[in-house]
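Participant: Take this structure, written in structure tokens, and hold onto it; I'll ask about it next.
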Amino acid sequence: MSISKESSKTMIDIEKKGGEGKDGKGGSKMTKNEQFLLPFTFILIGLSSLNVWNTALGLNINFKYNTFQITGLVCSSIIALFVKVPKMLLPFALGGLAMLCAGFQIAHQCFTFEQFDTYCLIAFIVIGIMAGLAQTIAFSVGTTMEENMGGYMSAGIGISGVFIFIINLLLDQIVPDQKKFNVNEAKLLYLFLICELCLVLAIIFSVCNLELSSSKTSKEEEYSDKEQGLSYLELLKDSYKAILAMFLVNWLSLQLFPGVGHKKWQESHNISDYNVTLIVGMFQVFDFVSRYPPNLSHMKIFKWFTFSLNKLLLLNFLRLLFIPWFVINAACDLPIFTNIVQQCVCMAMLAFTNGWFNTVPFLVFVQELKKAKKKKDIETISTFLVVAMFVGLFMGIWTTYIYDFFPIVIKRYVVP
């Protein structure tokens, strides 16, 4: 998959230098405009494709809708794994998301509760599919460019959280607290309007700055497509560390957030809506902040933010210690565990490691490949990583229901 007009030499650089561009030794062949516009385009795609998810979190909308969205993401990843998704679908997927956002505004104003609930269930599945296809295409395109843009895509996903969080805080000060179907009417209207504007901008920038037309495929890419690549089994053996790391980080994050923290914390300790906004905001802000240092690892101060996949796997297993911490925050009534500052620190640490460990695999996997050197094979592995991310999210959000079988929520009895 080609990206820009000058990206036809991508795999020569990848094969021969294995990431020299990142250190600046190989020299960039992109123009000054491309050096700004391409990263911005991928950031915008990541931002807009995840805004709907973060809007649902910000509105504290029914948790089951989130599970249906993740199910849609997995469906899209399965499609991408067995079917070569045309690059031209990227702007159409983003356009579909924009239309679904408009549908939320109409449904909330005009439908009955049962109709709105049905629309949400269907729409969130389709949103998951559309967002998944957009992210799969963008990651596949970005990771095979002359300069790896996968990290910028990941950064855009992180920006979405803090972007929606800030808008949420501003709207809390401006709009009335009038609710319909237990959702703030004005906030839903404005948040989805902002989602639509971001998606329109993403469509414009992707069409103008990315080479999405298959008719303009370079000779080198045509030759690469005809050339026999490695089998799926060989590619899995070559990239299993990156795939496993991607699965683990997303599985744990979605198992604990938002199902245990903040949902079960709120049930146990009657946390106010404002404090819930702060806790959710901690995840969004620190997930955003942590996605940038790995992209700046060419600077000495940020050098330790990227490391080998072996170290990343070890850190992912250590990250399992968040499970008892989150459970205790729900199950224990001691002042330290009901303290909002401690809860925010807990959520911030989960979020920081989530964004950080999600970004590293896309930046380092190419250098650690032993057999896969062709562009076609690297595109396939990039798709594997996106599939691992979505399957991890899917397994995480559905296994969060396991905690319903344990008495971790403190029962509050009302005295008559």
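Yeah, the Cβs are placed from backbone N, Cα and C, and that goes for glycine too.
Since the structure is predicted, the reported quantities are computational estimates derived from the model, not experimental observations.
Heads up, here are the entries from Swiss-Prot:
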| type | residues | note |
| --- | --- | --- |
| TOPO_DOM | 1-35 | topological domain 'Cytoplasmic' |
| COMPBIAS | 1-26 | compositional bias 'Basic and acidic residues' |
| REGION | 1-28 | region 'Disordered' |
| TRANSMEM | 36-58 | transmembrane segment |
| TOPO_DOM | 59-64 | topological domain 'Extracellular' |
| TRANSMEM | 65-83 | transmembrane segment |
| TOPO_DOM | 84-87 | topological domain 'Cytoplasmic' |
| TRANSMEM | 88-107 | transmembrane segment |
| TOPO_DOM | 108-119 | topological domain 'Extracellular' |
| TRANSMEM | 120-139 | transmembrane segment |
| TOPO_DOM | 140-148 | topological domain 'Cytoplasmic' |
| TRANSMEM | 149-171 | transmembrane segment |
| TOPO_DOM | 172-187 | topological domain 'Extracellular' |
| TRANSMEM | 188-210 | transmembrane segment |
| TOPO_DOM | 211-241 | topological domain 'Cytoplasmic' |
| TRANSMEM | 242-261 | transmembrane segment |
| TOPO_DOM | 262-273 | topological domain 'Extracellular' |
| TRANSMEM | 274-292 | transmembrane segment |
| TOPO_DOM | 293-311 | topological domain 'Cytoplasmic' |
| TRANSMEM | 312-331 | transmembrane segment |
| TOPO_DOM | 332-343 | topological domain 'Extracellular' |
| TRANSMEM | 344-366 | transmembrane segment |
| TOPO_DOM | 367-380 | topological domain 'Cytoplasmic' |
| TRANSMEM | 381-403 | transmembrane segment |
| TOPO_DOM | 404-416 | topological domain 'Extracellular' |
Participant: Hey, which bits of the same chain come close to the transmembrane segment (149-171), Cβ under 8 Å, at least six residues off its ends?
Facilitator: 3, 38-39, 42-51, 53-55, 57-58, 135, 138-139, 141-143, 186-187, 190-191, 194, 277, 280-281, 283-285, 287-292, 294-295, 355, 358-359, 362-363, 382
Participant: Count the Cβ pairs between the transmembrane segment (36-58) and the transmembrane segment (120-139) that lie under 8 angstroms and are 6 or more residues apart in sequence, then report whether there are at least 3.
Facilitator: yes
Participant: Sequence gap of 6 or more, Cβ distance under 8 Å, 3 or more pairs: do the transmembrane segment (381-403) and the transmembrane segment (88-107) meet that?
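Facilitator: No, the transmembrane segment (381-403) does not contact the transmembrane segment (88-107).
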Participant: Sort out the residues at least 6 away from either end of the transmembrane segment (242-261), same chain, that have Cβ-Cβ distances under 8 Å to it, and list them.
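Facilitator: Tertiary neighbours of the transmembrane segment (242-261) are 57, 63, 66, 70, 236, 279-280, 283, 309, 312-313, 316-317, 319-320, 322-323, 326-327, 329-330, 343, 346-347, 350-351, 353-354, 357-358, 360-361, 364-365, 368, 381, 384-385, 388-393, 395-397, 399-401, 403, 408.
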Participant: On the 0 to 100 pLDDT scale, where does the topological domain 'Cytoplasmic' (140-148) sit on average?
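Facilitator: Mean model confidence (pLDDT) across the topological domain 'Cytoplasmic' (140-148) is 79.
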Participant: Tell me the residue counts in helix, strand and coil for the topological domain 'Cytoplasmic' (140-148), as DSSP assigns them.
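Facilitator: Going through the topological domain 'Cytoplasmic' (140-148) residue by residue, I get 3 helix, 0 strand, 6 coil.
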Participant: Please check if the transmembrane segment (188-210) comes into contact with the transmembrane segment (274-292), where contact means 3 or more CB pairs closer than 8 Å and the residues in each pair are separated by 6 or more positions.
Facilitator: no
Participant: Sort out the residues at least 6 away from either end of the topological domain 'Extracellular' (59-64), same chain, that have Cβ-Cβ distances under 8 Å to it, and list them.
Facilitator: 117, 120-121, 183-184, 187-188, 191, 258-259, 263, 273, 276
Participant: Per the 3+ Cβ pairs under 8 Å rule, pairs at least 6 apart in sequence, do the transmembrane segment (344-366) and the transmembrane segment (274-292) touch?
Facilitator: yes
Participant: Which residues of the same chain, at least 6 past either end of the topological domain 'Cytoplasmic' (293-311), have a Cβ under 8 Å from a Cβ in it?
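Facilitator: Those are 22-24, 151-152, 155, 241-242, 245, 356, 359-361, 363-365, 368, in sequence order.
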Participant: Grab the same-chain neighbours of the topological domain 'Cytoplasmic' (84-87) for me: Cβ-Cβ under 8 Å, and only residues 6 or more beyond its ends, written as numbers and ranges.
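Facilitator: Non-local partners: 1, 133, 136-137, 141, 210-214.
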Participant: Near the topological domain 'Extracellular' (108-119), which same-chain residues lie under 8 Å Cβ to Cβ, leaving out any that are not at least 6 residues past its ends?
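Facilitator: Contacts of the topological domain 'Extracellular' (108-119) (Cβ under 8 Å, skipping residues fewer than 6 from its ends): 62, 180-181, 183, 185, 188-189.
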